[in-house]
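Heads up, the thing below is written out as structure tokens.
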Amino acid sequence: ACIPRGEICTDDCECCGCDNECYCPIGSSLGIFKCSCAHANKYFCNRKKEKCKKA
């Protein structure tokens, strides 16, 4: 999947389609901030894509 940068996401799989990661700011576990897609790199996403395919 490829959620645009800045859009809310739940995990990296949703953002890695366009080499972004799902970035969760500190405090996101408390529900104050939402995780959103942020710029990552191909190496990061290639590793994640293997996991995402299995999911």
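For all residues, glycine too, the Cβ spot is worked out from N, Cα and C.
These numbers come from a predicted model, not from an experiment.
Copied from Swiss-Prot, the annotated features are:
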- Cys2-Cys16: disulfide bond (DISULFID)
- Cys9-Cys22: disulfide bond (DISULFID)
- Cys15-Cys37: disulfide bond (DISULFID)
- Cys24-Cys35: disulfide bond (DISULFID)
- Cys45-Cys52: disulfide bond (DISULFID)
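When secondary structure is read from DSSP and collapsed to three states, Cys37 (disulfide bond) falls in the strand class. Candidates Cys2, Cys9, Cys15, Cys16, Cys37, Cys52 (disulfide-bonded residues) were compared with Cys24 (disulfide bond); those inside 10 Å Cα-Cα are Cys9, Cys37. The disulfide-bonded residues close to Cys9 (disulfide bond), defined as a CA atom within 10 A of its CA, are Cys15, Cys35, Cys37 out of Cys15, Cys35, Cys37, Cys52. For the recorded site, Cys22 (disulfide bond), the DSSP three-state label reads strand. Looking only at the disulfide-bonded residues Cys2, Cys16, Cys22, Cys45, Cys52, the one with its C-alpha closest to Cys37 (disulfide bond) is Cys22. For Cys52 (disulfide bond), the disulfide-bonded residues whose C-alpha atoms fall inside a 10 Å radius of its own C-alpha are Cys16, out of Cys2, Cys16, Cys22, Cys35. For Cys2 (disulfide bond), the same-chain residues 6+ apart in sequence whose C-beta sits under 8 angstroms from its C-beta are Glu14, Cys15, Cys16, Gly17, Cys18, Asn20.
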